[in-house]
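Lifted from Swiss-Prot, the feature list:
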type	residues	note
BINDING	CYS23, CYS59, CYS93	[4Fe-4S] cluster 1 binding site
BINDING	CYS169, CYS173, CYS176	[4Fe-4S] cluster 2 binding site
DOMAIN	14-132	domain 'MTTase N-terminal'
DOMAIN	155-385	domain 'Radical SAM core'
DOMAIN	388-450	domain 'TRAM'
Amino acid sequence: MNEILNTKDINVIGEFFIETWGCQMNEEDSEKLSGMLKKEGYIRTEERENADVIIFNTCCVRENAELKVYGNLGILKGLKSKNPNLIIAVTGCMMQQKGMAETIKKKFPFVDIIIGTHNLHNFPNYLNEVKKKDTSVLKIQEKENSIIENMPIDRKNSMKAFVTIMYGCNNFCTYCIVPYVRGRERSRTPENIEAEIKKLISEGYKEITLLGQNVNSYGKDLEPNVTFAELLKRVNNIEGLERVRFMTSHPKDLTDDVIEAIAKCDKLCEQIHLPVQSGSSEILKKMNRHYDREKYLDVVSKIKKLIPNVALSTDIIVGFPGETEKDFEETLSLVKEVEYDSAFTFLYSIRKGTPAAKFEDQVPEDVKHKRFNRLVEVLNEISAKKNKAYEGKIEEVLVEGTSKNDENKLMGRTRTGKLVNFIGDKDSIGELVNVKIIKANSFSLTGEEI
């Protein structure tokens, strides 16, 4: 169980700034970094210039994320010159890549701490080492640890929380670097997961998102085995919990038991993120996804049959090596058939160290961009159509705060994950309320509390 942080009575010894790139797992890692530092006596600042410690928590899933890290590190050189006592640390998946830590140290010698994903829990020790010995730390642990429990955590949100149920991935999709930087699959025990959720409920949290690179593989490494469907049922029975979400699911492992659990468990939200990556069976085979188009559509059909009002989202890669116009057309036709509520779309990006990086039939950049734009146009049309169907309906919304676009309105999300901006009572923040949807927008809904 992770420790919920109470920062009362801690003597302040400095300020820290964290910048995070990447997925929800990285976001939770940053919450743990923040928790550890606050326990040491630091306070968080949102201004780099005010910080005594600056931490970059990096991502390497796509090239663009790495380029952002390089650019931002370059900016820090000036800050370090002005304040030689500033401590700069870089961690995360990008650092876990073979040779990357040494590259960063060579390009940016002013960086004080470089660590990977497997020794994050030791960050306070490394920080103290730098401060006391006036030295730098470069420690990349190649082998993953057993799971570290009871880490302090500084949650960004007071009503919704991420709870990691497993770490790592065993799938080795040919384009993906994750198994190399996050290690093999390791599951937390259901007892530790339940204990963390119960603690969160006692702190006032209403919604939990269960995290893992492939949550459907949960429990296979435990003795005795516990299936993901069984875990969902156990979590659903926790008293006081209002909502449960999870991500990410791998289509090859999404069993009938899991679909049935979502349909029957009242706290499980009717929202499933099911990355397809491509609609072409030929490309899926090259990606090593372990399913084909027919299998994926069969899973979707089962989901829609048991959960008629489900909102489906997905990930799609455009321009994977060898993708022909025919392959891309198959992706478009699958998108139209499934009718996703939303999608994360990406241009294929070569990841050094993955099998796909060596594939010779790379797709030209201009072709990738044209296909990407065509795909986004289709997805946006479908999303607008799906949102339009909400007009006139009454939806349960967890009120998260005031709207970013209009401080006189509130904002929150439906059980299906739709963003709703609505007129309501500010006393409702943190509560579940019923909202009548008045208008559908391209990427959100507008309504009024009833």
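Keep in mind that glycine also has a Cβ here, set from the backbone N, Cα and C atoms.
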Site with most surrounding Cβ atoms, counting all protein chains shown within 10 Å, from the binding-site residues CYS23, CYS173 = CYS173
Request  = Measure from the Cα of CYS59 ([4Fe-4S] cluster 1 binding site) to the Cα of every one of the binding-site residues CYS169, CYS173, CYS176, then give the nearest.
outcome  = CYS176
Message = Taking the Cβ of each of the binding-site residues and counting other Cβ atoms inside 10 Å, which one has the highest number: CYS59, CYS93, CYS169?
response = CYS93
Key: Cα-to-Cα gap, CYS173 ([4Fe-4S] cluster 2 binding site) vs CYS93 ([4Fe-4S] cluster 1 binding site), nearest whole Å   = 17
Key: Mean of the pLDDT scores, which run from 0 to 100, over the domain 'Radical SAM core' (155-385)   = 96
Remark   = Rounding to whole Å, the Cα atoms of CYS23 ([4Fe-4S] cluster 1 binding site) and CYS176 ([4Fe-4S] cluster 2 binding site) are apart by 14
Key: For CYS93 ([4Fe-4S] cluster 1 binding site): DSSP state (helix, strand, coil)   = helix
Request  = Write down the Cα-Cα distance for CYS93 ([4Fe-4S] cluster 1 binding site) and CYS169 ([4Fe-4S] cluster 2 binding site), rounded and given in Å.
outcome  = 13
Counts by DSSP class (helix H/G/I, strand E/B, coil) across the domain 'TRAM' (388-450) = 4 helix, 33 strand, 26 coil
Key: Whole-number Å value for how far CYS176 ([4Fe-4S] cluster 2 binding site) lies from CYS93 ([4Fe-4S] cluster 1 binding site) (Cα to Cα)   = 12
